[in-house]
Amino acid sequence: MDDRVLDVTGLRAGYGPAEVLFGVELHLARGEVAALMGRNGAGKSTTLKAIMGLLTPRAGSVRFAGQEIAGAAPFRIARLGLGYVPEERRIFTDLTVAENLEVGRRAAPAGRAPWTPERLFEFFPNLAEMRHRRASAMSGGEQQMLTIARTLMGNPEAVLLDEPSEGLAPVIVEQMAEAVLRMKAEGIAVLVSEQNLDFAAAVADRALILEKGTVRWQGGIAALEADEDVRRAYLTV
Amino acid sequence: MEWSFLLVQALSGLASASSLFVIASGLTIVFGVTRIVNFAHGSFYMLGAYIAVTIVPWLLEFDRSPTLFFAGVLASALAVGALGVVMEVLLLRRIYRVPELFQLLATFGVVLIVQDLVLLVWGPVDIPGPRAPGLRHGVYILDQRFPAYELFLIFVGPAVLALLWLLMHRTRFGVLIRAATQDREMVGALGVNQAMLFTGTLFLGAALAGLGGALQIPRVSASAQMDLSIITEAFVVTVIGGMGSVPGAFVAALLIGLLQAFGVLVFPKITLVLVFLLMAAVLVVKPWGLFGKPEAAAGRAVLPEGILDPRPLDLAGKVLAGVALLALLALPLVDAYAVKVGTEVLVLALAAFSLNFLVGNGGIVSFGHAAYFGLGAYGAGLLVTKTGLPMEPALVAAPIVGGAFAALFGFFVVRLSGIYLAMLTLAFAQIAYAVVFQWVEVTGGDNGLVSVWPSRWAASREVYHYLTAALTVAAIIFLRRVIHAPFGATLRAARDSAQRADAIGVDVRTHRWLGFTLAGAAAGLAGGLYAFSKGSIDPTLLGIPLSVDFLSMILLGGIQSVLGPVAGAAAFHAVKDFFMPLTDHWRLFLGLSIIAMVLIFPRGLAGAWASLRRRPA
């Protein structure tokens, strides 16, 4: 299928002697939002890190925008147009909001309007007011906005979004969901790892469920909501 | 004392603070981004001075103008920056992921190489530099004459601070440096090529060191000893200020400059001790320096793989150890020279073993272990030469002196971890070195002490060899017992996770402190034995080069093996003893060997032996 922006086959990865991923198969179509679901320890974050090159895959193939990227350096993968928003946010707390955005800035591919701080401040109005504030003085929710904005500054074609709703107040979670939907509206494909079914249902077209390092189930988000057996088997604690 | 005199003293303190800041800022920026403590930063400083004394006089031939003088100084800084790029591309790029101990050793290898290259290019004689045109006069401040150039230097530090601030906050390169100081992996994930960023950082850092060196030429001659003296001060500044923090380095340089300027009035001989007290006080209150961040330095520290699971020797190991011991005992059958080398090997083996007791077993990377070796030697030597006591009580005193100083310094050292700990051990060692070097009335200064001879019964080389063998082997067996004992296992637990060890009720700090003291005592015994084997002692026994020799021995032997350091000491000393007389450039050779060892042989001789035996037959 040519509309696949990201295509992962047989991905294996782990930390030291510990194997975590045992041949993950997944893909992401252009402009779609897919939710990567599963319990703690199922391998969601590891999958995203291995795709991004932050963890070197032991086997398998990762194709992004038609190029093989498995084993490439993270900065090369980022330059091809894949953005990454880490679970721990990893904001540069010594830098101001504007400086954090500057670190993420990369030229846009030809023919696309680039993201600018001004455009992002429309997108995230909260951030506009604290443009020159140090990131260490921001709340968790504001930092989560900033980490997405920072990634968008790289003008990505697709974004890996790791557990965006974790540890945030419900009102912020709603804002995060809006942000994901607006990214989708801009034509950006998003692979979002998520434990929260409500959040996934609000943003995603499709869901994939990981357990013990392999994809055990995939299908439309509505099908997942309807199938209590699947939910009980793989999601509920 | 008059006010005018105090003012001039303050001004000269500010001038040296300013110079120190220029150098230390480069060190702290490089550390912030690359997490490498660059020993060769002092070499860059020295190269800056040498290049400047070469090109500035040449430029002044055309026109004795201030413009050409400063153009020459800047050109020297840029040339040194280019050398920094060479070092990054050839060496640092390969060692970003190796444990910090190896990084320190590799950059020290560069120090050794540069020392020999400087001697090759510029010769052994100090080269005085030209004075700065337009700034040769003195300025009268409240009737006190003050050199105009020093006054100018006072303004260089703040000017460099301002320029660095602009660079860090107003340019993309600077913002990326600050981001990478905090989280370089995330910077990479945002599409920034770290290799380019690191190369640029090394250029900046080396150029600042070169600028510091080039600016010194009207005040001091370029000499081949500049590197190690400045690097210690720069380390102290960056540690006090917080590693990676430029404003911290500025404040720390001011503190130290003023402390030295006024300390000289109160305690003329022990200004270095004051600096040490300041550093100790700061680190006790703020273990990561005035402006440092704990997570930046300690969170990502990679310890070398240490001793994992000490086992009793198997048959092959027993045979090997037995053969080695028999060979040492049989040395008197060969010739007198073999006995001399054999005695030295035994002494160094104990010193190396005691160091690996800290590094491999305790994860405490001491960069100044020679201090305890040297202090033991001086303790024994002073007892014999000043009080006339015989060898026997002196050999009892040696481990006590080594252990006592290890207990004193260790009290502060064990409060830190990772790179800060290594820097503190280095600073303590340098202070001990400086005191021994400067306290001429007692220690004989540079000349050291002579006629430290054994008692009559042990006067023959052979008998002394057996005495040394008996004491060193006993001490090594004792330390090995400790490694196998619960105390050793506790140290390993604290090494692998201080927090978890703490959580199960281990008093990590006290265990480490006892371990540090014990290792210092063993090194002190080795030092005492060494003193009597030579008949004389001098300050090099406490110097950084000897500390690095010890580290090279345990690295060569393999820090993850219990007895490897003994083999490492023997191999290292035999090779050094064989090569040193053959070449004038043994430092070049040693530096290249250390780097080669770090790059291709990180598990040492014992590691090679183990993998040889694991190979299926």
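Cβ from N, Cα, C; glycine included.
A TrEMBL annotation is a machine prediction, not a hand-curated record.
Noted in TrEMBL for the protein shown:
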type: TRANSMEM; residues: B:66-92; note: transmembrane segment
type: TRANSMEM; residues: B:104-125; note: transmembrane segment
type: TRANSMEM; residues: B:189-215; note: transmembrane segment
type: TRANSMEM; residues: B:235-259; note: transmembrane segment
type: TRANSMEM; residues: B:266-285; note: transmembrane segment
type: TRANSMEM; residues: B:319-338; note: transmembrane segment
type: TRANSMEM; residues: B:345-374; note: transmembrane segment
type: TRANSMEM; residues: B:421-440; note: transmembrane segment
type: TRANSMEM; residues: B:463-483; note: transmembrane segment
type: TRANSMEM; residues: B:513-533; note: transmembrane segment
type: TRANSMEM; residues: B:553-575; note: transmembrane segment
type: TRANSMEM; residues: B:587-612; note: transmembrane segment
Remote residues contacting the transmembrane segment (B:463-483) - C-beta distance under 8 A, at least 6 residues beyond either end: 307, 310, 325, 328-329, 331-332, 339, 342-343, 346-347, 349-350, 353-354, 357, 361, 395, 454, 457, 518-519, 522, 525-526, 529, 532-533, 562-563, 566
Cβ-Cβ under 8 Å with the transmembrane segment (B:235-259): same-chain residues at least 6 beyond its ends: 10, 13-18, 20-21, 24-25, 27-29, 31-32, 37, 157, 161, 164-165, 168, 181, 271, 274-275, 278-279, 282-283, 286, 288-293, 296-297, 419-420, 423-424, 426-427
Chain residues in Cβ proximity to the transmembrane segment (B:266-285) (below 8 Å; excluding those fewer than six residues from its ends, i.e. six or more beyond): 236, 239-240, 255-256, 259-260, 412, 415-416, 420, 424, 427-428, 431, 434-435, 438-439
Stretch-level contact, the transmembrane segment (B:513-533) and the transmembrane segment (B:104-125), CB cutoff 8 A, at least 3 pairs: no
Candidate ranges B:66-92, B:104-125, B:345-374, B:421-440 - greatest C-beta contact count to the transmembrane segment (B:553-575) (under 8 angstroms): B:345-374
Dominant neighbour of the transmembrane segment (B:421-440) in B:66-92, B:104-125, B:345-374, by Cβ pairs under 8 Å: B:345-374
Cβ contacts under 8 Å made by the transmembrane segment (B:66-92) with residues that lie 6+ beyond its boundaries: 34, 36, 38, 40, 44, 47-48, 51-52, 55-56, 58-60, 106-107, 110, 130, 132-135, 198-199, 202-211, 213-215, 217, 595
